[in-house]
Amino acid sequence: MPLSYQHFRKLLLLDEEAGPLEEELPRLADEGLNRRVAEDLNLGNLNVSIPWTHKVGNFTGLYSSTVPCFNPKWQTPSFPDIHLQEDIVDRCKQFVGPLTVNENRRLKLIMPARFYPNVTKYLPLDKGIKPYYPEYVVNHYFQTRHYLHTLWKAGILYKRESTRSASFCGSPYSWEQDLQHGRLVFQTSKRHGDKSFCPQSSGILPRSSVGPCIQSQLRKSRLGPQPEQGQLAGRQQGGSGSIRARVHPSPWGTVGVEPSGSGPTHNCASSSSSCLHQSAVRKAAYSLIPTSKGHSSSGHAVELHHFPPNSSRSRSQGPVLSCWWLQFRNSEPCSEYCLCHIVNLIEDWGPCTEHGEHRIRTPRTPARVTGGVFLVDKNPHNTTESRLVVDFSQFSRGNTRVSWPKFAVPNLQSLTNLLSSNLSWLSLDVSAAFYHLPLHPAAMPHLLVGSSGLSRYVARLSSNSRIINNQHRTMQNLHNSCSRNLYVSLMLLYKTYGWKLHLYSHPIILGFRKIPMGVGLSPFLLAQFTSAICSVVRRAFPHCLAFSYMDDMVLGAKSVQHLESLYAAVTNFLLSLGIHLNPHKTKRWGYSLNFMGYVIGSWGTLPQEHIVQKIKMWFRKLPVNRPIDWKVCQRIVGLLGFAAPFTQCGYPALMPLYACIQAKQAFTFSPTYKAFLTKQYLNLYPVARQRPGLCQVFADATPTGWGLAIGHQRMRGTFVSPLPIHTAELLAACFARSRSGAKLIGTDNSVVLSRKYTSFPWLLGCAANWILRGTSFVYVPSALNPADDPSRGRLGLYRPLLRLLYRPTTGRTSLYADSPSVPSHLPDRVHFASPLHVAWRPP
């Protein structure tokens, strides 16, 4: 007969009317009983022939590919002008006096952050934007490009200009040296065989023209021929007559990439161009355009009249080095959905490429990417804005993976000890926290994102495309890209992006200037940064509490008025460091702080309400007597494990689930086990703050007996049969708690001290978790343990009770370091003649 829930409760000693603990509890350690109960509850039957269930409620397997939902109306979030002050250490010193060793070390880690992977794998540009949304290929392409452009404009990305240089927007740091102190000079690198052309200064162009062709069109490097540079590109000009092109003069040399793959070297003079690209190099290269007057890079429109057409090459002949987008302007429409209808909508499509305000030298950067990007909803509650997901998982895989630095995170008890108080709370939101921390330019070649341009992207994804290879594109296959879908998508996108459609249709390669989210180093750096800042704030305001976990920062003060003045002071300090806060997301919590998924008050800690509701909903949908895929069980354990410390039996209750996941077998919930778990999670108990105190109760055990010292009283008992020593010590601790009611017990066993009961026999672990809930343990060496003699059957000998003080720990977290005392910026001692003097001690 299967075990009923009531019998099971009684067995676990969860009911009040259980028998004497000294008899009942050792029985739960019996292997035979544990095995019989597991069979009755159908917990041990891992091999099942019925098909597995792969979905329970919203839970599917951890690694199942749930397709994210695309929103054509996503808005790209705006990024403030984030610039963390370079002299952050000096500013902190002005604020709080000398910094501690820990604070100094952490702040130096991120000024600038460095990233040196063992091996970097370079991927073709086609893999730059992941085809996550096959239904919305073009829309996703442009939204992602717009997002990347926004990040570049906000100074978060570098743009690769050539193999050895990059440009960026925003304020430069001292380690980002402009080329030749502001003179933008292309270095000739003999080692890699780069032939380069040098404009003389940042705003003024050279007067002499360079000749009919620029050799740097084909940069030969170790990677073989680099992709074509886009600046000399032109579109075929049929008839003569005046053309109007908006020329954007610029000091830049060769740009990142044009559609990759390069054919033979093209003679620039022989391919005529009316798509006059906006580059000073191009202007210098074409002797047809007068260059006697230098132009600043402000982008004035220039009228160019009577540009002679070159009739030496017919429209369909040979490769044309050109801008794919503007080539459509002069071509005949191939259908009503031809892209030339869109290209002819406006006269001025703006520049083919934009350049940043500053230019720096970088290590050699190939025209490739190292990770793909795609867009998703910003978060489950905000589906109107998009978030960029960057996949740099190559650094976490394989034999060459980077082992990321570990950092301590407070566990639940440490967090409760620290934050469970009668303070009034407020939480701050750091906007785009990761993008505050600057990366050294040497890391740029390892963290590249980008795209191969619209033509390649569409060609690669359209199955019927005949563009086999970009380097052999001719005017006939220019129209291979034209399709109804592309036309409709571009028409709709034209309303949103206007002339930027042209800019975004070009290839681009971008490297990270601030730390990206997709690299394992970033959470570590962010945790170090915010913990150092909080440490400084705590020392500046010793009567308050500041604490952070990643980008979540909380402030606590005794009263609401006090908290408001603290908020004003801390906000001003953070803004002076260049940290951007989101004032709309500042939340005032009163006396119950919501933090890291918990509600923390003076009474202790509980899970937040939305998690409790999620658990209840999941139990309603949980099927019984049906094998559930172990990957779904991983999700279940993730949810239940978060709330386990608040239940009677804690983690040990979930051990059967852990076992099935380890065995990679399906798990079947019996009605009794489901009822047991449901009841466990319906009544949650807060985890209380541990209090300091003097230990008066001690427990000890041998495999055959146990002994207690409760004040001056000594007790002992024996086990029916010898038990493993850890099990015996756990039983002794349980007896000490039930006999004395003390919340502080001294023991010499490290396993009991750890309060992890998952390695004990299942039934004993569940029962012990409930008996010892809220108990704190103090380590006492065996030689000094007053319960040592009683456990060995010697009651006559009295060892004196130790004065064992217990201090609750806030954990070894890098996020909360009790700062060693340092001289503050105010004098420590008050002069003895002062009216404030209480008791003067000689210096």
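Positions of Cβ are set from backbone N, Cα and C atoms, glycine also.
From the candidate list D429, D629, the residue Swiss-Prot records in the Mg(2+) site shared with D551, D552 is D429. Residues S427, L428, V430, A433, S548, M550, M553, K585 surround the recorded Mg(2+) site, their Cβ atoms falling within 8 Å of the Cβ centroid of D429, D551, D552, which are themselves excluded. When averaged over the region 'Polymerase/reverse transcriptase domain (RT)' (347-690), pLDDT in the model lands at 85. In the shown protein chains, 16 other C-beta atoms lie within 10 A of the C-beta of D429 (Mg(2+) binding site).
For D552 (Mg(2+) binding site), the Cβ neighbour count at a 10 Å cut-off comes to 15, with all displayed protein chains included. Sequence-distant contacts (6 or more apart, same chain, Cβ under 8 Å) of D551 (Mg(2+) binding site) comprise D429, V430, A433, F434, L526, T530.
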